[in-house]
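Novice: This is the structure, below, for whatever I ask next.
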Amino acid sequence: MGLTMIIGISGMIGSGKSTLAKGLHKHYKKSVLLEEFQENDPVFNTFLKWMYEKQPNIHIGFQSYIIESLSDTFKKTVAKFKNNNLNFRDNHIFLDRFNIEHYVFAVVTLMDKDPKYQAGFDAMFEKIVDPEDNPDLAIFIDIDFNAFKARLLARGRASEVDNYAQNETYFKLLHSLYKKLYIRLVEKFKIPYVIINSNNKSEKEVLQEAINIIDSYDFSKSKRYNE
């Protein structure tokens with residue numbers, strides 16, 4: 001009990017998942033944090049800007065880029081982890097969102113397209129997503145829409161704030177479907193998960209709840225347990 005391995009931190013945009021992932025990385029001194037993207041990633045930021053500006057025909061390209069990039073970074077991180085003689089029993093890798101979660105964004109952004117585009121993305125997703133990249137435990141941060149909106153605007157990312165009004169319908173749709181689609185995905189891939197309701201909780205309270213979950217979780221059934 002209490003042995004930690006690869007743990008995915010998940011949630012809607014603005015849910016506080018990155019803050020939680022960084023807090024866990026700081027708490028577990030020997031841990032590694034794999035962020036979803038680098039703040040100065042020109043490809044990611046360009047795609048994100050285009051998406052919020054409602055540029056056409058970029059959604060499959062955006063989500064496939066993220067999935068390919070995350071998978072590549074994950075494998076390099078694990079290789080470095082092992083080369084440094086770290087092991088999954090005593091050290092931890094935290095994922096700030098993980099690969100399969102991007103399927104949720106694809107479903108929502110492709111809803112207005114001909115169904116063949118979703119079918120095409122599904123086929124690509126099944127081929128390029130590697131189950132070996134999945135975490136041993138996923139922690140999902142649940143948040144209501146009003147809290148999401150407040151957090152999104154407060155963090156001040158220009159592409160989100162400047163284009164919020166024209167994307168509010170998209171954000172509401174994404175929020176309404178996110179948890180349901182996420183649960184469907186983690187159950188399909190047989191990823192154990194826990195949901196933290198973060199409404200009316202401080203960042204410190206959410207962090208402590210996540211620490212309690214991790215410290216009490218039995219990871220012995222994971223195949224990484226003996227790696």
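Cβ coordinates come from backbone N, Cα and C, glycine included.
A TrEMBL annotation is a machine prediction, not a hand-curated record.
The active site, proton acceptor annotation in TrEMBL covers Asp90. The ATP binding site annotation in TrEMBL covers Gly11, Met12, Ile13, Gly14, Ser15, Gly16, Lys17, Ser18, Thr19, Arg151, Leu152, Leu153, Ala154, Arg155. Feature annotation from TrEMBL assigns domain 'Deoxynucleoside kinase' to 7-206.
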Novice: Taking Ser15, Thr19 as the binding-site residues to compare, which has the smallest set of other Cβ atoms within 10 Å?
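Specialist: Selected from the binding-site residues Ser15, Thr19 on minimum Cβ neighbours within 10 Å: Thr19.
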Novice: Counting across all protein chains present, how many other Cβ atoms fall within 10 Å of the Cβ of Leu152 (ATP binding site)?
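Specialist: By my count, 19.
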Novice: Where's the emptiest Cβ shell within 10 Å among the binding-site residues Ile13, Ala154?
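Specialist: Result for the binding-site residues Ile13, Ala154: minimum number of other Cβ atoms within 10 Å at Ala154.
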Novice: Need one number for the ATP-binding residues Gly11, Met12, Ile13, Gly14, Ser15, Gly16, Lys17, Ser18, Thr19, Arg151, Leu152, Leu153, Ala154, Arg155: the maximum pairwise CA distance in Å, whole number please.
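Specialist: This binding site's residues have a maximal Cα-Cα distance of 17 Å.
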Novice: What does DSSP assign Gly11 (ATP binding site), in three states?
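Specialist: Gly11 (ATP binding site) sits in a strand per DSSP.
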Novice: List, in sequence order, the same-chain residues at least six positions removed whose CB sits under 8 Å from that of Gly11 (ATP binding site)?
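Specialist: In sequence order, Lys17, Arg97, Phe140, Ile141, Asp142, Ile143, Tyr178 meet the Cβ cut-off.
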